[in-house]
Amino acid sequence: MLFKQQALLRQKLFVLGSLAIGSLLYLVARVGSLDRLQPLCPIDGRFGPRSQDEIPLRALQFKRGLLHEFRKGNATKEQIRLHNLVQQLPKAIIIGVRKGGTRALLEMLNLHPAVVKASQEIHFFDNDENYAKGIEWYRKKMPFSYPHQITIEKSPAYFITEEVPERIYKMNSSIKLLIIVREPTTRAISDYTQVLEGKERKNKTYYKFEKLAIDPNTCEVNTKYKAVRTSIYTKHLERWLKYFPIEQFHIVDGDRLITEPLPELQLVEKFLNLPPRISQYNLYFNATRGFYCLRFNIVFNKCLAGSKGRIHPEVDTSVITKLRKFFHPFNQKFYQITGRTFNWP
């Protein structure tokens, strides 16, 4: 009887020992895998000692946690004061271009722990009614952030609206301005596609792209069509240059941001004087969606809305050729002004 009890005790001890060893081995393997998967955290360990001007590590936690609650209005004034959070005017604005990739650029820049984005387009400078509410109204539309973080908003209508350059200049003459562009004809077709989709949702009819882009009387490009006018980048940029030097602009290649986003984001980091933080780990290609999605950490991923990457309608090749020929001299001037050349036809 005693022998059986001893054997049973040894068996239980063996099982418990096996479980303990197994758990220990799992934890060792888990820690090792987490150590390999650290593109964002901890910042201090990856980039050496942190100076007083850099973002504290807890900023990462608040960006994904408490800051989200504060944006929803769930924070008390005491919580905001204790965490040293403020609503800052933007230090950089993505001013355009519509259908160039402004939303993708904003979301990708938000991967950086020193960047806080305004989730919605504010339309402060291009909307007379909003602008009349004053700069304090605009500031209160900004998200909560730490003083050392950069707030960025995007409203692509800014680029083409005549009053906007002067209005932004009056707010901050040294602000950094981001313009993201795509091949002009492709951008115009994408612009048309978005409007077409909106019409179809309301069961409304809409002209074909060819009829809008080409003047039926002259058979030339219709410069009164907004989608065409927006793609004449140099005309709009020249208006901005009356207020801001070219050094305050950074041109982002929207076509490259789709196929090879990291190099473009690294250029923006440099332009904004941000320490390099966005890595290839933060960007992964989603074969189902057909474009890159965002990885903030091992548990939080994000893809852009399903409306991104709409399939464009087929357009008559002769119309495409005519448009590209029309845009060509404007493109050449745009290259000359900005110092950046694109492989546009």
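Quick reminder: no glycine exception, Cβ is built from N, Cα and C everywhere.
Predicted automatically and left uncurated, TrEMBL annotations should be read as such.
Here's what TrEMBL has on this protein:
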TRANSMEM  12-29  transmembrane segment
DOMAIN    90-334  domain 'Sulfotransferase'
BINDING   Lys99, Gly100, Gly101, Thr102, Arg103, Arg182, Ser190, Tyr292, Lys308, Gly309, Arg310, Ile311, His312  3'-phosphoadenylyl sulfate binding site
ACT_SITE  Lys99  active site, for sulfotransferase activity
DISULFID  Cys293-Cys303  disulfide bond
Far apart in sequence but close in space: which same-chain residues, 6 or more away, have a Cβ under 8 Å from Arg310 (3'-phosphoadenylyl sulfate binding site)?
Ser190, Thr193, Gln194, Glu197
Roughly how many angstrom lie between the C-alpha atoms of His312 (3'-phosphoadenylyl sulfate binding site) and Cys303 (disulfide bond)?
20
May I ask which residues of the same chain, at least 6 positions away in sequence, place their Cβ under 8 angstroms from the Cβ of Cys293 (disulfide bond)?
Leu283, Tyr284, Phe285, Asn286, Asn301, Lys302, Cys303, Leu304
Do any residues at least six apart in sequence from Lys99 (3'-phosphoadenylyl sulfate binding site), in the same chain, have a Cβ closer than 8 Å to its Cβ, and if so which, in order?
Pro156, Arg182, Arg187, Ser190, Asp191, Gln194
Counting Cβ neighbours within 10 Å across all chains shown, tell me which of the binding-site residues Arg103, His312 comes out on top.
Arg103
How many neighbouring Cβ atoms, not counting its own, are there within 10 Å of the Cβ of Cys303 (disulfide bond)?
15
Determine the Cβ neighbour count for Gly101 (3'-phosphoadenylyl sulfate binding site): the number of other Cβ atoms within 10 Å of its Cβ.
27
